[in-house]
Amino acid sequence: MPIEFVCKIKFAEEDEKQKGNQDGDKESLIEESCSPPTKDLAGFASASSLHGINHIFVSGRLGVRQTLWALAFLVSLALFLYQAAKCAISYLEHPHVTALNEEATPEMVFPAVTICNINRFRFSALTDADIYHLANLTGLPPKNKDGHKPTDLEYPAPDMQDIFNRTGHQLEEMLKSCNFSGQNCSAEDFTVVYTRYGKCYTFNGNKTTSRKTKQGGMGNGLEIMLDIQQDDYLPIWKETNETSLEAGIRVQIHSQDEPPYIHQLGFGVSPGFQTFVSCQEQRLTYLPQPWGNCRSTSEQMIPGYDTYSISACRLRCETLEVLRECKCRMVHMPGDANICTPSDIKCVDKALALLQKSSGDTCFCETPCNLTRYGKELSMVKIPSKGSARYLSRKYDKSEDYIRDNFLVLDIFFEALNYETIEQKKAYDVAGLLGDIGGQMGLFIGASVLTILEILDYVYEVIKHRLERLLRPQRDDKKQTQQQQQASTVATVNLEEMKAKDSSEMSRSHSEGAYANTILPNHHHHHRTHHRVSEDFAC
């Protein structure tokens, strides 16, 4: 006869309690995530070094006292932000101040001195070919020295550098005496340099072997006597852009780092006078962008020059403009392009005039960040005196009138062995900005950098805690599901074991005849309080 089993499985009470505890934990977690952070904020405010917030964020309801403290804190915070914004705007304007100072030194480097005779060509040195080629440049008619028009002779192409070198005033003939700091000097101490005035000469132009002076005052610098050779000046037939109506020399005092730009920066010295030039060295320091507009020494140098200077920049601009318009360069311009011939002079003058009219729009020359210049004070006395005119006349075999019309004395010296420093400085730098903001922060809200770190640390902890509480329920649900699956597996295994055991016992009873064929014993319920399963069987 078939046997029917009716089985009821009941889990232990502790499993029910564990499930209840898990539900309770979930409810408490939800309550914790929904609870306001008043207590946490109050705890942070009581421990923070930020002034005032410990009176605002307190446990309990918001009262009048907390409201007044909140208003005071907001007003202080607004004032701090206003002052901090003003400081930031002032810093972004990049202001600077100029500091003037004077420093003494036991010795000073003597400046370079460039001199040029205002007359560029000696009339006695010109050949018929020179006069023919230089007609457009000098204004002289294309005639030979006898006043006749040249025949059909073919003159060779002119070499302007050779013409300047050959027909210019020679220093050996002009220099009558030379003295530097009590020691004699000569024309060999000068170097040839070409300018808009032709062949010129520079004293102490080599910066590697520059001369120094150890005393200030007259007689401790350069003193030279020159003969300007006025009788050899070119006759003026008509005025051109290159002719000059003056007599004398042009002088420029400059540093060894810059080329002479004597036609614009030089000063004139006339014959018949002794000119005293008292110099004061000035060392200027400018600020680069964004505080100033100077050119840093780290930037690319101008081709042909070792050091950047305004004079070198201007010469470079003139060279590029003449090359663009006339496809040549003048003798004094740097480069290796072809030198312009006298027939190109009109084109050159036009190009330079256009460059000058542009007022620096096409060629902007920045001021170098480090610059040396020389302030000058000039004074003059007439020479020769009546007593010295006769002596000089006999000494140089010239007439007294010639000496009055051609001789001059130039005396250049330092006023004192000191120099001025004119330096641009940042009026408001990063250190000043941080100091002002820190002072305003401490004055209005009593905070510091560490206070800001406290606030950031609190915000980090709050965000971290919120994220952990949002992710914790998911982990708890997953863990609970795994526990239920494990419990179900254990119950199934126990049930199978019990079925197998009961089947073996009933088979053994049938074989022994211990119970009736129609009635089986009915087992009572057994309640167990430990981690075991209770069951009922009915047939």
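Here the Cβ of each residue, glycine as well, is placed from N, Cα and C on the backbone.
Taken verbatim from Swiss-Prot:
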TOPO_DOM  1-68  topological domain 'Cytoplasmic'
TRANSMEM  69-89  transmembrane segment
TOPO_DOM  90-432  topological domain 'Extracellular'
DISULFID  CYS116-CYS200  disulfide bond
CARBOHYD  ASN136  N-linked glycosylation site
CARBOHYD  ASN165  N-linked glycosylation site
DISULFID  CYS178-CYS185  disulfide bond
CARBOHYD  ASN179  N-linked glycosylation site
CARBOHYD  ASN184  N-linked glycosylation site
CARBOHYD  ASN206  N-linked glycosylation site
CARBOHYD  ASN241  N-linked glycosylation site
DISULFID  CYS294-CYS369  disulfide bond
DISULFID  CYS313-CYS365  disulfide bond
DISULFID  CYS317-CYS363  disulfide bond
DISULFID  CYS326-CYS347  disulfide bond
DISULFID  CYS328-CYS340  disulfide bond
CARBOHYD  ASN370  N-linked glycosylation site
TRANSMEM  433-453  transmembrane segment
TOPO_DOM  454-539  topological domain 'Cytoplasmic'
REGION    474-494  region 'Disordered'
Folded-back contacts onto the transmembrane segment (433-453), same chain, C-beta under 8 angstroms, at least six residues removed: 48-52, 73, 76-77, 79-80, 83-84, 87-88, 91
Fewest Cβ neighbours within 10 Å, where candidates are the disulfide-bonded residues CYS313, CYS326, CYS328: CYS328
Cβ contacts of CYS116 (disulfide bond) (under 8 Å, same chain, 6 or more positions away): THR195, TYR197, GLY198, LYS199, CYS200, TYR201, ILE249, ARG250, ILE262, GLY266
Long-range Cβ environment of CYS365 (disulfide bond), under 8 Å and at least 6 residues apart: ILE310, CYS313, ARG314, CYS317
For ASN184 (N-linked glycosylation site), the one of CYS328, CYS340, CYS369, ASN370 that lies nearest, given that the recorded positions are compared by Cα: ASN370
CYS313 (disulfide bond) - helix vs strand vs coil (DSSP): helix
In sequence order, the recorded positions (ASN179, CYS340, CYS369) whose C-alpha falls within 10 A of CYS326 (disulfide bond): CYS340
Between ASN179 (N-linked glycosylation site) and CYS369 (disulfide bond): CA-CA distance (Å): 34
Count of other CB atoms lying within 10 Å of the CB belonging to CYS347 (disulfide bond): 15
